[in-house]
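For reference, the structure is listed below as structure tokens.
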Amino acid sequence: MLKSAVYSILAASLVNAGTIPLGKLSDIDKIGTQTEIFPFLGGSGPYYSFPGDYGISRDLPESCEMKQVQMVGRHGERYPTVSKAKSIMTTWYKLSNYTGQFSGALSFLNDDYEFFIRDTKNLEMETTLANSVNVLNPYTGEMNAKRHARDFLAQYGYMVENQTSFAVFTSNSNRCHDTAQYFIDGLGDKFNISLQTISEAESAGANTLSAHHSCPAWDDDVNDDILKKYDTKYLSGIAKRLNKENKGLNLTSSDANTFFAWCAYEINARGYSDICNIFTKDELVRFSYGQDLETYYQTGPGYDVVRSVGANLFNASVKLLKESEVQDQKVWLSFTHDTDILNYLTTIGIIDDKNNLTAEHVPFMENTFHRSWYVPQGARVYTEKFQCSNDTYVRYVINDAVVPIETCSTGPGFSCEINDFYDYAEKRVAGTDFLKVCNVSSVSNSTELTFFWDWNTKHYNDTLLKQ
């Protein structure tokens, strides 16, 4: 009911959408000026490099030779999901029907403001040059993927110089598929690339990039009792401040929370968002930690199912590493969702699982997990296998930064010696059982991830889903 009502509201506001210019001249001075808040948007905003790079060079250590590269990437910048858009449009309706003159932080709404969701067909979808609110927007998912492709060629181009035909893998989410295709486009026309579209339906079982979708035991509300302890009074403070500046507006804590999503997704679509300017720095910090907390306990180390779910992809990754000498394909590129990447990183052990996050306060000294550092829109996790003299090593590069394995980083470039890595990986997956923990057999007969090995005969081409 709400969905229909909100869509009706939006439709009415879009009657003259065809006459709306793609941005205004005044936008030029604002676009690209809000990068400092990206780390506080919980991964909903544009891509940025991992801040904790430890000063380690991204370059291949001297006198070493790359043997294999794997990448698991998140789709690029997008419009909000349908469910998130409901909240944003409900709050927009409240603002658009305010009869007074806006004052204070909301005064920009007096200046012929154009709501950034101009067509509901864009919900769930990648932002592109065609659907962006402003043609000058530098943060579209389309351009991010193409930049990523150019960065890939600069860093690893020699790995595909003599391999003109290879596969790229994506979940059958429309936005993931679009990201993969834009990435392929960014590589240029030198390569003959086969895009394999892998189902993320629960019936895919283990043969998927999105194992949590194949997990009937997955609980979206797990650990809510912990999360409810987090102090969210700052949200009512935002609402009260804006209401005081604008008598009769009657914003709620829910509206205040929605403004953070509005801020992030408007930047994705427009290149900047005046809504972002309503927050104090303290409020951004409190919101950001709330996102860290929710992620840690619902898609990260704080949820005991996650390590088994992430093992589905991690086991396949380790198998590819072991077969690097016999596999013709030396580069393995995949695109999926943030949840899948977080599950994967949890199993690897890159995300600290020894110290649970507290909901009692913001732990500035002890908090080593920041959701947006790992999974901004367009996130990418690279696994590098390289040989130096007679020894071989593995290391991870997350969003442009080398992130060492804490207990295995004595190799060149803070890498992990290959046999030590295999021992480490075995310990990480010990006790995990994706099929059993998730009760996969109740929804699928597929018990193994095989698409990396059988794509050339099966030719995966699942129907795209708008999610």
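Just so it is clear, glycine is given a Cβ too, placed from its N, Cα and C backbone atoms.
If you look up Swiss-Prot, you'll see His75 marked as active site, nucleophile, on the strength of similarity to another entry. Among the features that Swiss-Prot reports, active site, proton donor is placed at Asp338, with the record citing similarity to another entry. Taken from Swiss-Prot, the feature N-linked glycosylation site applies to Asn97, Asn162, Asn192, Asn250, Asn315, Asn356, Asn390, Asn439, Asn445, Asn461. If you look up Swiss-Prot, you'll see 1-17 marked as signal peptide, on the strength of similarity to another entry.
Annotated features, which come from Swiss-Prot, shown on the structure.
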{"residue": "His75", "record": "active site, nucleophile", "DSSP (3 states)": "coil"}
{"residue": "Asn97", "record": "N-linked glycosylation site", "DSSP (3 states)": "coil"}
{"residue": "Asn192", "record": "N-linked glycosylation site", "DSSP (3 states)": "strand"}
{"residue": "Asn250", "record": "N-linked glycosylation site", "DSSP (3 states)": "coil"}
{"residue": "Asp338", "record": "active site, proton donor", "DSSP (3 states)": "helix"}
{"residue": "Asn356", "record": "N-linked glycosylation site", "DSSP (3 states)": "coil"}
{"residue": "Asn390", "record": "N-linked glycosylation site", "DSSP (3 states)": "coil"}
{"residue": "Asn439", "record": "N-linked glycosylation site", "DSSP (3 states)": "coil"}
{"residue": "Asn445", "record": "N-linked glycosylation site", "DSSP (3 states)": "coil"}
{"residue": "Asn461", "record": "N-linked glycosylation site", "DSSP (3 states)": "strand"}
Ask   = By the DSSP assignment reduced to helix, strand and coil, which category contains Asn315 (N-linked glycosylation site)?
value = helix
Request  = Round to a whole number and give the Cα-to-Cα distance in Å for the pair Asn97 (N-linked glycosylation site) and Asn162 (N-linked glycosylation site).
outcome  = 61
Note = Nearest by Cα to Asn445 (N-linked glycosylation site), of the recorded positions His75, Asn315, Asn390, is Asn315
Note = Same-chain residues at least 6 apart in sequence with Cβ under 8 Å of the Cβ of the residue listed as 'active site, proton donor', in sequence order, are Gly43, Arg74, Thr299, Val375, Ala379
Request  = Report the nearest neighbour of Asn250 (N-linked glycosylation site) in space among the glycosylation sites Asn162, Asn356, Asn390, Asn439, Asn461, comparing Cα positions.
outcome  = Asn356
Message = If I take the alpha carbons of the residue listed as 'active site, nucleophile' and Asn461 (N-linked glycosylation site), what is the distance between them in whole Å?
response = 18
Request  = Select the closest residue to Asn315 (N-linked glycosylation site) from the following glycosylation sites, measuring between CA atoms: Asn192, Asn390, Asn439, Asn461.
outcome  = Asn439
Key: Spatially closest candidate among Asn162, Asn390, Asn439, Asn461, the listed glycosylation sites, to Asn356 (N-linked glycosylation site) (Cα to Cα)   = Asn439
Request  = For Asn192 (N-linked glycosylation site), identify the closest of the glycosylation sites Asn162, Asn390, Asn439, Asn461, judging by Cα separation.
outcome  = Asn162
Key: Asn461 (N-linked glycosylation site) as reference: those glycosylation sites from Asn162, Asn390, Asn439 with C-alpha within 10 Å of it   = none
Note = As a whole number of Å, the Cα atom of Asn162 (N-linked glycosylation site) is distant from the Cα atom of Asn439 (N-linked glycosylation site) by 43
Task = Fill in the CA-CA distance, Asn439 (N-linked glycosylation site) to Asn390 (N-linked glycosylation site), as an integer in Å.
result = 43
Note = Across all protein chains shown, the glycosylation sites Asn162, Asn192, Asn439, Asn445 give the max Cβ-within-10 Å count at Asn439
